[in-house]
Amino acid sequence: MGEETTQANGSTTSSLRRKAAERRHAHRVPGVEPALAALLQRRRAEQVDRSWAAIAGWPLPALLLLPLCLLGKASPTPLSLALCFWYALLGFLSAADNLMYAWAYAYLPASTALLVAASSLAFSALFGRAIAKNTLNMSSLNAVVVITAGVVIVALDSGSDRPAGVTPRQYALGFVLDVLGSALHGLIFALSELVFARVLGRRSFHVVLEQQAAVSLCAFAFTSAGLAVAEGFPAMRREAARFAHGGEAAYANVMVWTAVTFQLGVLGGTGVLFLASTVLAGVLNDVRVPLTSIAAVIWFHDPMSGFKILALVITVWGFASYMVGHSGIRKPSRS
């Protein structure tokens, strides 16, 4: 009698578990989740490919530097052990930074990733003060606090714009990698300014091209080595063959323009570091946030919730407060 009761209880428990599992999976469409996982994997591969293409444009600053050297208007900086160390370190950090952003953009909508990346201003201010000894006034601190508040607002709204196929854990990972990439971005800014101040010197603008070419070359070497180990190049060729917007020719076109626009953007940021400071470079880097967030909504149809609109307004307010606070500052006359 006891054995029959035990068997009956076991059968009832198994039946309840089976029905619960059926209810749990009833809303799922067969084949949809594997398809979403495949699409997510392809999206992540595309982002990694473009991060490699971005630094593959390292010959561009070298080509801009070549005429200056040939015409005798600039003399190359002699390579020393310390300078090589700084180039290698900045190249490694840049490669890691690009990889973090690539994975973050694979898991987050473009507008969300950009709003979170605006936190790089806070890290630029902190590292600029600690490493490059930048001056922070009240407008700088206000901009840092306000933009950081915008990032917190995006974090509070993290559940409303999770892309299809992305799990909550992957979304959280993308958010964390985006913040870490922003922190690394601020550190790279501060270390680059330190190299200008103590190693290269602010002699002429050609040192900006020298640093960018050398750092991009080192980052390209580190990233290429990682792709080779992970067998990323054959995957890149397969991705080009099935590129949905025109095949291999269109894929190559995207890669080329990714490299050109990235190098031009880095050239502008490095020039600001050479002429001004890490904090200003971080502020100007955040100018792209409102523009690209709106563009992501228009062209990529990213969801734009009330929280994200509020974060966008706060980010613009933080940038404007910095510019207004510094508009009256003038460098002392040398006379």
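Placement of Cβ uses the backbone N, Cα and C atoms for every residue, glycine included.
According to TrEMBL, the feature compositional bias 'Polar residues' maps to 1-15.
Annotated compositional bias 'Basic residues' per TrEMBL: 16-27, in sequence order.
According to TrEMBL, the region 'Disordered' annotation covers 1-27.
Summarising the annotation, TrEMBL assigns transmembrane segment to 52-72 (among others).
Feature annotation from TrEMBL assigns transmembrane segment to 79-96 (among others).
Taken from TrEMBL, the feature transmembrane segment covers 102-128 (among others).
Same-chain residues lying 6 or more positions outside the transmembrane segment (140-159) and placing a CB less than 8 Å from one of its CB atoms are 112, 115-116, 118-119, 121-122, 125-126, 168, 171-172, 175, 179, 279, 283, 286, 305, 307-308, 310-312, 314-315, 317-319, 321-322, 325-326. The transmembrane segment annotation in TrEMBL covers 140-159 (among others).
Cβ atoms under 8 Å from those of the transmembrane segment (179-201) belong to residues 77, 82-83, 86, 89-90, 93-94, 96-97, 100-101, 104, 116-128, 130-132, 134, 151, 207, 210-211, 215, 269-270, 273-274, 277-278, 281-282, 285 of the same chain, restricted to positions at least 6 beyond its ends. The transmembrane segment annotation in TrEMBL covers 179-201 (among others).
Positions annotated as transmembrane segment by TrEMBL: 213-230 (among others). Long-range contacts of the transmembrane segment (213-230) within the same chain, counting only residues at least 6 positions beyond its ends with a Cβ under 8 Å from a Cβ of the stretch, are 48, 51-52, 55-59, 61-62, 65, 87-88, 90-92, 94-95, 98-99, 192, 236, 263, 266.
Under the heading transmembrane segment, TrEMBL lists 250-276 (among others).
Among the features that TrEMBL reports, transmembrane segment is placed at 307-325 (among others).
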Subject >> Stretch among 52-72, 79-96, 102-128 sharing the most Cβ pairs under 8 Å with the transmembrane segment (250-276) >> reply: 52-72
